[in-house]
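Novice: I grabbed these lines from TrEMBL:
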- 27-363: domain 'Orn/DAP/Arg decarboxylase 2 C-terminal' (DOMAIN)
- 33-275: domain 'Orn/DAP/Arg decarboxylase 2 N-terminal' (DOMAIN)
- K57: N6-(pyridoxal phosphate)lysine (MOD_RES)
- G227, Y365: pyridoxal 5'-phosphate binding site (BINDING)
- R307, Y311, E338, Y365: substrate binding site (BINDING)
- C337: active site, proton donor (ACT_SITE)
Amino acid sequence: MQLVNHHYQIQGLNLEDICQEFGTPLYIYDADAILEKIQSLRTAFSGLPLRLKYAAKALTNISILKLMKSQQVGIDVVSIQEARLGLMAGFAPEEIMFTPNGVSFQEMQEAIELGINIGIDNLPMLEHFGQLYADKLSCSLRLNPHIVAGGHAKIQVAHINSKFGISISQLSQILEIVNNYQIKIAGLHVHTGSDLKDADVFLQTAAILFDAAMQFKHLRFINFGGGFKVAYKKGDHTTNIHELGAKLKDAFLAFCERYGKNLEIWFEPGKFLVSEAGLLLVKTNVVKKAPTTVFVQVDSGMNHLIRPMMYDAYHDIVNISNPDGPQQEYTVVGYICETDTLGANRELNEVREGDIIAIKNAGAYGFSMSSNYNSRLRPAEVMVYKGQAKLIRKREELEDLIKNQVVADWES
Ligand code: LLP
């Protein structure tokens, strides 16, 4: 969002007008910001056979998926439902990569029936796959390289105690199953963690994958997962994708030579593509002066944006209704009956009842992790594209809370 003539805007549209039209709380996404991020990755990895598979879990709205599709970005999905949403958005099955963890073999078979790319993350699943599909299909394998990296303990997923992937120390067991059933392994996959600010983490992972890759004869791609760190506040250290692109290019091309074949290089960015493109716009219900702090109580909370509570995540907050007001310190909290602090001790332009507050970096893992806790309704979603703001998801209504409830009759 930009401040233009005392008004905060996206693509020339005033955010306050958008709130008037669609109401609050409201998720709003700037499509141009997403397109720029796609382009920046393509520039950073130019000269490499790059395939982007957007991690749909970050923001799964079908209109966002369609936007990705329009840019020849594929998708990474982790549930059969995400896969079906991808198909509804118009993706061909071969553009969809299924990388679930701990799913039943039945769900895997449903995915196989859809014709999407299959990713396997445990040895029993590999065995099942080998028994039934080795002669018909290929799959990829998620490896756990034993690397501790990621912005918060909860989003570090490639250490030795992590549930994700097959441990690199079990490579001989993998090979035994692969050879036994003659399974064609089309790709090796890792996702090390989220908020990986250090480009070297990707290079360490690459070295491990490249060594392992020499054991597989039918590879088409190496998939490095997602995890690029974006800026959550001014001055934040982010992944230097250009440095990464340059270093990885040399390592990757050398690996392809060693392997004897040119492979594709895949990434599955979630946050990088959509985090900064999204805002959660909320309204100030109450400005409450307590003895030690002034609370701004808004019409939202951890039910709509759980990241501050779940990962101690910092989200920048701006009072968009009073850009010229004097700065004061506030603690912005939600209306949920929990300590749902969205931002503590923030300098904001003076906040008055009714002011619209923008919570930044809400594009990734905002709406997609929202809930109905406290029987609150989920917000509407709006996308701004080609200078127009359009509703891409209706605000929930009471009916949505009750539609699946069955009031059991114990008398009959
Ligand atoms: N690929 C796989 C297999 C993943 O599990 C994930 C994220 C990604 C790609 C995308 O990662 P990203 O580029 O968005 O960092 N809810 C947490 C993040 C959890 C990420 C889970 N997996 C958060 O809000 O920080």
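Each residue, glycine too, has its Cβ placed from N, Cα and C.
I would like each feature placed in context: is it buried or exposed, what are its neighbours, and how far apart are things?
Specialist: All chains included, 19 other C-beta atoms sit within 10 angstroms of the C-beta of K57 (N6-(pyridoxal phosphate)lysine).
Secondary structure from DSSP puts Y365 (pyridoxal 5'-phosphate binding site) in coil. Around Y365 (pyridoxal 5'-phosphate binding site), a 10 Å sphere centred on its CB holds 26 further CB atoms from the protein chains shown.
In the three-state DSSP scheme, E338 (substrate binding site) is classed as coil. Long-range Cβ proximity for E338 (substrate binding site), meaning a same-chain Cβ under 8 A and a gap of 6 or more residues, is found for G301, M302, M309.
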Novice: Of K57, G227, C337, Y365, which is closest to Y311 (substrate binding site) if I measure between C-alpha atoms? They're all recorded positions.
Specialist: Y365
Novice: Taking just the CA atoms, what is the gap between G227 (pyridoxal 5'-phosphate binding site) and K57 (N6-(pyridoxal phosphate)lysine) in Å?
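Specialist: That comes out at 13 Å between the alpha carbons.
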Novice: Need this for a regression test: recorded positions R307, C337, Y365, filtered to those with Cα within 10 Å of K57 (N6-(pyridoxal phosphate)lysine). What's left?
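Specialist: Near K57 (N6-(pyridoxal phosphate)lysine), where near means Cα within 10 Å, the recorded positions are Y365.
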Novice: Report the same-chain neighbours of C337 (active site, proton donor): residues 6+ apart in sequence with Cβ closer than 8 Å to its Cβ, ordered by sequence.
Specialist: N374
Novice: For R307 (substrate binding site), which residues in the same chain are close in space, meaning a Cβ under 8 Å from its Cβ, but six or more apart along the sequence?
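Specialist: In sequence order, A313, H315, Y365, G366, M369 meet the Cβ cut-off.
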